[in-house]
Ligand SMILES: O=C(O)CCc1c2[nH]c(c1CC(=O)O)Cc1[nH]c(c(CC(=O)O)c1CCC(=O)O)Cc1[nH]c(c(CC(=O)O)c1CCC(=O)O)Cc1[nH]c(c(CCC(=O)O)c1CC(=O)O)C2
């Protein structure tokens, strides 16, 4: 967590988005007979799954095994996570009348998450636990499209065509997201990450008008909580300056923008996280080592650097490559 605040560290800390999950045989075994959303609601299972990559890779942080759509289900949305597809929403939100299907959530609605965090904090000892939530735009895109999208045509049709409904929807999502993160913070996570995975679908002007105020509402509302806030998106090269204004302590960068260029856009008050291309882990080790050393060298331009991939671990990744990568980052960055 010191790196998140730009404080000196013995080595660059490293963890991986999606470190728990399909790349691990032990995950696939434990998930054989339980659905994804169900697994997120069982604290014993969440604890075991979250610990698997920490034991195997010796990463410097754990990330809570959950999903960005968990708070939407708690808010009353009829959705499922379909393997090979992703989140699928039975009745997409398209009109003002549909908004009523999205209720505010209380800590009780997601009490299983608080229980998971408390169990994990007990098991993890000195290893910090990172909590997370999806950002309003990314959640809105699933709710409006009804599932994953490449074009976001229905999302943008509402954004341009009915700004009043758009801002009402994102404001409600900001409230749900803030409550979900607050539950995790109150239960003891050491940091939180806000995932705006699909913000890269927007121009900077549209991001600033339609998205930034709502992400800033979430991040600003947690300023008093005393834990570092990480804000991440994909395809965000032209959005980094604006994302840096949303109120996070750290900005997660995808693999397309070198970290020395990214920090120039994000500004000297914030640390950076990332940003090895997850696909590099499918190349030979000499390529992984070369690219990891480049990321570490470029990360030194920022006031603080947390090593990560530029997006989540890909399901077919060889887990041994991740274990070797952690060791390399620790060795190369040792001060
Ligand atoms: O089939 C399974 O076993 C469940 C797959 C799985 C899901 N959430 C999961 C896991 C564990 C894992 O990644 O292996 C578990 C999951 N989802 C997420 C996280 C946080 C993180 O990325 O570290 C985590 C926890 C990872 C960890 O604890 O290490 C967050 C998440 N879910 C989602 C998104 C947005 C997005 O990626 O579309 C995002 C934002 C992160 C990102 O951009 O990668 C939505 C989502 N949830 C899910 C999927 C995969 C559906 C499929 O292709 O089968 C998808 C869509 C997708 O990844 O394309 C389900």
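Placed from the backbone N, Cα and C atoms, the Cβ positions cover glycine too.
Listed in TrEMBL:
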- 18, 19, 20, 21, 22, 67, 142, 197, 311: substrate binding site (BINDING)
- 13-22: domain 'Uroporphyrinogen decarboxylase (URO-D)' (DOMAIN)
- 130-146: domain 'Uroporphyrinogen decarboxylase (URO-D)' (DOMAIN)
- 67: site 'Transition state stabilizer' (SITE)
### Task
Write down the Cα-Cα distance for residue 67 (site 'Transition state stabilizer') and residue 18 (substrate binding site), rounded and given in Å.
10
### Candidate with the highest Cβ count within 10 Å, taken from the binding-site residues 18, 22, 311
311
### Task
Would you mind splitting the domain 'Uroporphyrinogen decarboxylase (URO-D)' (130-146) into helix, strand and coil residue counts from DSSP?
10 helix, 5 strand, 2 coil
## Note on the structure
Tertiary contacts of the domain 'Uroporphyrinogen decarboxylase (URO-D)' (130-146), defined by C-beta under 8 angstroms and 6+ residue spacing from its ends, are 15, 61-64, 66, 68-69, 71-72, 77, 79, 86-89, 92-94, 102, 117, 152, 154-155, 158, 166, 169-170, 173-174, 177, 180-181, 184-185, 189-199, 201-202, 210-211, 214-215, 218, 230-231, 233
### Task
Round to the nearest Å and give the CA-to-CA distance linking residue 20 (substrate binding site) with residue 67 (site 'Transition state stabilizer').
11
### Message
DSSP-wise, what's the residue breakdown of the domain 'Uroporphyrinogen decarboxylase (URO-D)' (13-22) into helix, strand and coil?
### Response
0 helix, 1 strand, 9 coil
### Query
If you count Cβ atoms within 10 Å of the Cβ of residue 142 (substrate binding site), leaving out that atom itself, what do you get?
25
### Task
For residue 67 (site 'Transition state stabilizer'), just give me the three-state DSSP call.
coil
### Query
What is the separation, in Å, between the Cα atoms of residue 142 (substrate binding site) and residue 67 (site 'Transition state stabilizer')?
13
### Query
Using DSSP, would you call residue 311 (substrate binding site) helix, strand or coil?
coil
### Query
How does the model score the domain 'Uroporphyrinogen decarboxylase (URO-D)' (13-22) in terms of mean pLDDT?
98
### Task
Would you mind reading off the Cα separation of residue 22 (substrate binding site) from residue 67 (site 'Transition state stabilizer'), to the nearest angstrom?
14
#### Entry: Most distant Cα pair in Å, residues 18, 19, 20, 21, 22, 67, 142, 197, 311 binding substrate
23
